[in-house]
Amino acid sequence: MSETTNTNKEKKPPLNGRRALPSNNSNDEENEVPEMEAFGVIPRGFNPKDYLRVVDIHMFKEPHEINKQQHHTDKYYNPKLIVRRGQPFQIQIDFNRPYKPETDQFWLEYLIGRYPQQNKGTYIPIPVGDVLKPGQWGAKITHKENNSIRLSIMSSATCVVGKFRLYVAVWTPFGILRTHRNSATDTYILFNPWCQQDAVYLDDEKEREEYVLNDVGIVFHGNINDIKLRSWSYGQFEENILDACLFLMDKAELELSGRGNPIKICRVASAVINSRDDNGVIAGSWDNTYTYGVAPSAWTGSVDILLEYYSSKQPVRYGQCWVFAGVFNTFLRCLGIPARLVTNYSSAHDNNANLQLDFFLDDEGKVDTKITKDSVWNYHCWNEAWMTRPDLPVGFGGWQVVDGTPQETSDGMYRCGPASVQAIKHGHVCFQFDAPFVYAEVNSDIVYSRRAKNGTQVIEKIDTTHIGQLIVTKEVGRDGMMEITEEYKFQEGSEEERLALETAVMYGIKKETTRDTLYQPQTDVDMDFQVQKAVLGSDFKVTVTFRNKSQNSYTATTYLSGNIVFYTGVTKNEFKKHSFSAKLEPYSSRAFDVVIKSSEYLSDLLDQASFHFFVTARINETGKILATQKATVLEIPALRIKTQGDTVAGKEMSVTVEFTNPLKQNLENVTLRLEGPGVLTTMKKEFRQIPMNSTLIWEVKCTPKRPGLRKLIASLNCDALRHVYGELNVQIQKP
């Protein structure tokens, strides 16, 4: 006896003067539950076997059985019972003799974490009653046969989400008898978008199928003038992914009692998805060197990243915005929170949140990179999660922006959201969380200014339409693009847009007025330029056009600067400088071509093949400056994927990936990746070299697990060429 008390003493948590119990923030830890809880001294003749005893519990947890079918959890590659909250599920208990309701008394107990407490929703005793009340914990007997009973159990629509342990407790006059710990009866309880009382309820079945059950999606990237798309495998149902997602909440130290609240879960997850300040899932890298890690463009989905983090507990290298958003989307869909990945083209990263991006020009009209701190991302990906917002006034529920990419700190950590999309549209940026930052990402103005000789700041141009021109997500049920710009902002220049801006300013967004600086733009000459669409490795041209709408003749000293940029709009280097003088006759237009040779850009190209052109022109007669900028992306060749033979679940099939090197150089140390949820787990292959103009062929054998329409996704990656993707839809037949 003395030995057992000693071990118990060691297990006691350290004393803490602030709380009686330590915080309960790990779903993984357990407490010991007594199998016999005596009411007092146990009399000599007491034999637990004389009383009602549980022999077996059937969970009906197979994918084809009633629970997983009704709860839309049959796709999870997980042997345990998985149900959604606020909806009844069935279990069967076998006793050692027929159950007699007049004399026998038993109840169920669900526990989660190390310190279960009833008032925290982490210890849930459920007596057996006659009726089930919707959205509240309860159990009733639906069927009795011999020694067995069938129970229908209802969970609360607000209950904690996670993995619960189940015990059956039987009352005897001398104490409570419990079943022993049995991990086979563990039950995962998830959010339920099918249940009206759940905070994540979504009323459209097609949308639920897309935003909760679809395990592949599309990332839109490139830029506003050249939209590109690639598939991403979310894989929320793959083996161990559910456990990995629950582990993220443990890692973020989210108190278990708060895990029924999607607002809290999104907020802590947006911090733990990135590795800044908490050693979270993905380490970001935007500097084009990815030593000791995987280049962001090489990932084809979230599964590898989450599983690596779950096993190593160390940040996975490397990610950029679409990787953070892809993994975040997997996390949300896996837990049952409807979610989608969103791309904002020409996204503002406004360092001092004053709703304007300041580009400072020097005397020649070139951008001065030393003092220009703000940047325009060609695109930026974030997520939207669907939920009610009882913490805000009525009308701000629905889609909420959450962003796991580390850009700025919020309450001291790199995280962003959830921010109501509706609140952003109407300028109500006072409502938590981080609405001003998101408002600036989609609504900033670009201000070009120049310091004049006398020290005053001269504003040369204000561009109010460049930022947040297009916001998109994947279509429901199809692979096309759906524009959602109008969810975030009113029509450019409309009365409502003005009003939303005034509201945002009233709620404390800094908007600097331009009154204290001189601003008299040249209005009678228009300048624009077009970049020719080009394939990586070829020459192309930039055409600058002027339109003189006045009766005066002008000459314009024009300067074109071509820069290789990260997709975040940060310049790596200037590869093209070209200036010319343009004679502008009255009431006429003129076009000037500038040729860009592949030899000028190939050696310095970054992994997204992005260029950024600035064109500035000084009208010599008036001294005024015209300025405009555009990003452009080169066409990158694609991978080709084919299948051979029959594609039948449970039968081996063959997949080939082909690629032809388009560059005028050999590709060295090439990595290919191929994955497809339900068809094959990620395969990788390294190739030492692909000579120029030669074709590589890689054949893989695999055995698909599930019938239905599946998607194969491949990527190719090497230092000279990144963002090479291919995909193929495959119909897997039933055996």
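Just so it is clear, glycine is given a Cβ too, placed from its N, Cα and C backbone atoms.
TrEMBL lists 1-33 with the feature region 'Disordered'.
If you look up TrEMBL, you'll see 313-406 marked as domain 'Transglutaminase-like'.
If you look up TrEMBL, you'll see Cys321 (among others) marked as active site.
What TrEMBL records for His380 (among others) is active site. In sequence order, Cys321, Thr343, Asn344, Ser347, His349, Thr405, Glu441 make up the list of same-chain residues 6 or more apart from His380 (active site) whose Cβ falls under 8 Å from its Cβ.
Using a 10 Å Cβ-Cβ cutoff, Asp403 (active site) registers 30 neighbours. For Asp403 (among others), the entry in TrEMBL reads active site.
Using a 10 Å radius centred on the Cβ of Asn443 (Ca(2+) binding site) and all shown protein chains, the other Cβ atoms total 24. The feature Ca(2+) binding site is assigned by TrEMBL to Asn443, Asp445, Glu492, Glu497.
Each residue contributes its Cα atom, and for Asp403 (active site) and Glu492 (Ca(2+) binding site) these two points are 25 Å apart. Report note: the Ca(2+) site is defined by Asn443, Asp445, Glu492, Glu497, and the residues of the same chain whose CB lies within 8 Å of the CB centroid of those residues, excluding them, are Thr464, Thr465, Ile467, Gly468, Lys489, Gly493, Leu501.
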